[in-house]
Amino acid sequence: MGFADLWYSHPRKYGQGSRFCRACSNNHGMIRKYGLNICRQCFREYAKDIGFRKLD
């Protein structure tokens with residue numbers, strides 16, 4: 001049993017550890033609204049492609 005098996009052996013079905021960014025697999029700074037499930041860094045990169053636009 002290696003270190004990774006011990007460290008991540010607990011099942012992650014709910015909570016912050018269960019959600020990952022669909023673009024980069026990061027789990028920090030998640031935007032879950034509207035079912036985006038994307039981290040804030042990737043959102044800034046892909047927002048225009050998704051259809052969001054900045055309002056002045």
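Glycine too: its Cβ is placed from the backbone N, Cα and C atoms.
Record features (Swiss-Prot):
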BINDING   C21, C24, C39, C42  Zn(2+) binding site
Fill in: Check: same-chain CB within 8 A of Zn(2+) site center, minus C21, C24, C39, C42
F20, R22, A23, S25, N26, G29, I38, R40, Q41, F43
Discussion item. Name the residue among the binding-site residues C21, C24, C39, C42 whose Cβ has the smallest number of other Cβ atoms within 10 Å.
Written reply: C24
